[in-house]
Amino acid sequence: MDGRPKELYSQRPDTSAVRHRQTCRVTEGAQPSNGTSNGANKRIPERRRHFSSPCRDDDHVPFYTLVLVLVLSVCTRFYKINEPPHVCWDETHFGKMGSYYINRTFFFDVHPPLGKMLIGLAGYLTGYDGTFPFIKPGDKYEQHNYWGMRAFCAALGSCLPPFAFLIVLELSHSPPAALIAASLLIFDTGCITLSQYILLDPILMFFIMGSVLCMVRFNTQRLRSFSFSWWLWLLLTGVFLSGSLGVKFVGLFVILLVGINTAFDLWRLLGDLRLSLVDFGKHLLARVFGLIMLPLFLYTTIFAVHFIVLNRSGPGDGFFSSAFQSRLIGNNLHNASMPEYLAYGSVITVKNLRIAGGYLHSHWHLYPEGVGAHQQQVTAYLHKDYNNLWLVKRPDNSDDLAGSSELVRNGDIIRLEHKETTRNLHSHFHEAPLTKKHLQVTGYGINGSGDMNDLWQVEVCGGRKGDPVKVLRSKLRFLHRSTGCVLCSSGKTLPKWGWEQVEVTCSPYVKETPNSQWNIEDHINSKLPNISLLVLKPTFLEILWESHIVMIRGNSGLKAKDNEVNSKPWHWPINYQGLRFSGVNETEYRVYLLGNPVIWWLNLLSLALFVVMLTVASLAVQRGVKMEGMRKVHCHALMEGGGMLLLGWLLHYLPFYIMGRILYYHHYFPAMLFSSMLTGITLDIFLQNFQLLFSSSISHYLLRGGQSILLLGFIYSFYLFHPLSYGMRGPLAHEPASSMAGLRWMESWEF
């Protein structure tokens, strides 16, 4: 030959092909617009590659492959989209919320509104009238038009494999790697199941993957700063980021990923001495506008539309303040009038100022034996109810029940008699049910007669002694005369014996906090003049802030109910346990959310393999090992593309270990997207580097054989496990006659 080592000679065809492909993918308009020199162009030629180019016939291969990926994705997601024709799992929540938008009825949810708004819009545009009640899983849809909402979610879910294909192609410039990544998502039973129902998950994952795709496309425009395509991908990144956060708060994780990428990009620009500080300032301001200001504006606009559409009173009223409720048509506070000042003989409702603190409430049920005194329960209830009504009485019970015109003032001592049960608000030296350092609050007495433990001193926060108590506007505290404690809503949810309402206690810690502050909401007293409540209407920023506080506290307060299936974060990557979407016996249509185990376990192994390969590549770079051709491309793909995907996986997975709320298996799927894309890059580079151990011809056959085995394995495993997504009937998996017999590889799988 020519005297060169055989190993280097065997790489010549690949190297020239790479150089030719790089040259072809540089478009004529790819010159830098910020004055960078030609030398800079030579340093980072890979940044100028574009997806399509007429230079070679081979450049059409990614396009045709992308079309195939899209077709397979749509087919797997839309197959049997109408089955089962009944409510499955969380469709009972998000389908109902879509109905609320169609009916313009206000509700409360722990997630931002975009996903539910889009579901409602999809239902409305496809003929759904918003009348189906979505009471519980298993309810038949019958004549109701539900397919449009499912089809909308399936359409967004169908975009995930093509997005993965384009992202991996951009990061690795390898169509086989992109195809492997897309195939992992196409043939994963878990991704298919989540995409086929009325859920937020496919919508969230659509925006997350869109954000990542736009980010990597923006990164390729570095030598075309401030061009049309540069601005397009920057602004699209901001649009998708606002969508991610607008569906669920876990969208913050992809925002953090884009933020880290942007910080490194700006740090690189700052180190480029050919770039003036003025130009750097332009780059900084452009990113602030595109990635901060634009997403914030769109995110705020989502809530503006949310508040405009949902203008009628509904089941979510009680989670919000009295001022917030006054803007809702049909709420008793909307355009209402009532006496301005509290008086003896008034019938009132008392609302805790803690967000979602609830109304002071009682009912005929008693505390169970062993939970303080066996007296009538007093709780905080989040909904309007007749059992929220209390009668304001003098301490000596001398009030005329017909009402009195004498005002209650700051510092007065009163009794509060429960209107329905005629028992007084009472506290004593028994510990509270859940908050053991607080005292128990009960209903005590008969027909308003009680004892000295029924006396409460009214305190107007920030007021002077003798000031009258204003309805709605005065922040009140109720100090217990006998024990010195203060009436408090702890925010903790009582067990089933307390109807899962909020615990009310008497706190010995008398510092002013929202938990111990209350206001008078409803006020009935025929002897006092009424005033209009229009003066209480809050501003948009006030209701925006309040809604976020309610969502955050509601999210953190989600706890597992009795016999509810939940999971731990360490369960997720190993596919330890799935979720029943529908059916529990032989006669029912059973759907079970579980990832394709071959794909999920391959992802887990690939994570470990990637760490090993990245370590070897980093050591080689650190030791100055000379790398040319494909080895250099592979090293770059591992360290930059793979590193970014690994960071995305970590950001979407590790935070769940510190979350206090209840967690479910489906929370892992955004992280699974990054894991699958990383697997595509890792396995492709691993297979291509067989040439380090074998001759060129053998390594070529091993490469093609390995790729074929992977794709055939994905398809065959999908064939085995597809009934999990598309429905099972007949014997259960542990019975020999079952179609899933022998496929229950883990005891924790419940199909």
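Cβ coordinates come from backbone N, Cα and C, glycine included.
As recorded in TrEMBL:
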type	residues	note
REGION	1-51	region 'Disordered'
COMPBIAS	30-40	compositional bias 'Polar residues'
TRANSMEM	106-127	transmembrane segment
TRANSMEM	147-169	transmembrane segment
TRANSMEM	176-197	transmembrane segment
TRANSMEM	203-219	transmembrane segment
TRANSMEM	226-243	transmembrane segment
TRANSMEM	249-267	transmembrane segment
TRANSMEM	288-309	transmembrane segment
DOMAIN	339-395	domain 'MIR'
DOMAIN	405-461	domain 'MIR'
DOMAIN	466-523	domain 'MIR'
TRANSMEM	598-621	transmembrane segment
TRANSMEM	633-656	transmembrane segment
TRANSMEM	668-689	transmembrane segment
TRANSMEM	701-721	transmembrane segment
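Remote same-chain residues near the transmembrane segment (701-721) are listed as 176, 179-180, 183-184, 186-189, 594, 596-599, 683-684, 687-688, 690, 694, 743 (criterion: CB distance under 8 Å, separation of at least six residues from the stretch ends). The transmembrane segment (288-309) is not in contact with the transmembrane segment (147-169), judged by fewer than 3 CB-CB distances under 8 Å for residue pairs 6 or more apart in sequence. Taking the domain 'MIR' (339-395) as a whole, pLDDT averages 92 in the prediction. Only residues 6 or more beyond the boundaries of the transmembrane segment (106-127), in the same chain, are considered here, and those with a CB under 8 A from a CB of the stretch are 93-100, 145-149, 151-153, 198, 200, 203-204, 243, 245-249, 299, 302-303, 305-306, 309-317, 319-320, 328, 550-551, 554-555, 558.
Within its own chain, the transmembrane segment (598-621) has Cβ neighbours under 8 Å at 184, 187-188, 190, 573-575, 627, 634-635, 638-639, 642-643, 646, 649, 672, 675-676, 678-679, 681-683, 685-686, 713-714, 717, counting only residues six or more beyond its boundaries. Across the domain 'MIR' (405-461), DSSP assigns 3 helix, 29 strand, 25 coil. A Cβ distance under 8 Å defines the sequence-distant neighbours of the transmembrane segment (249-267), meaning residues of its chain 6+ beyond its ends; these are 111-112, 204, 207-208, 211-212, 215, 219, 222, 237, 241, 243, 280, 283-284, 287, 291, 295, 551-552, 555, 644, 647-648, 651-652, 655, 667, 670. Within the same chain, residues 51, 62, 65-66, 69-70, 72-74, 77-78, 81-82, 95, 98, 118-119, 122-123, 125-128, 175, 177-186, 191-192, 194-199, 202-203, 205-206, 209-210, 212-213, 216, 641, 673, 676-677, 680-681 sit at least 6 positions outside the transmembrane segment (147-169) and bring their C-beta atoms closer than 8 Å to a C-beta of that stretch.
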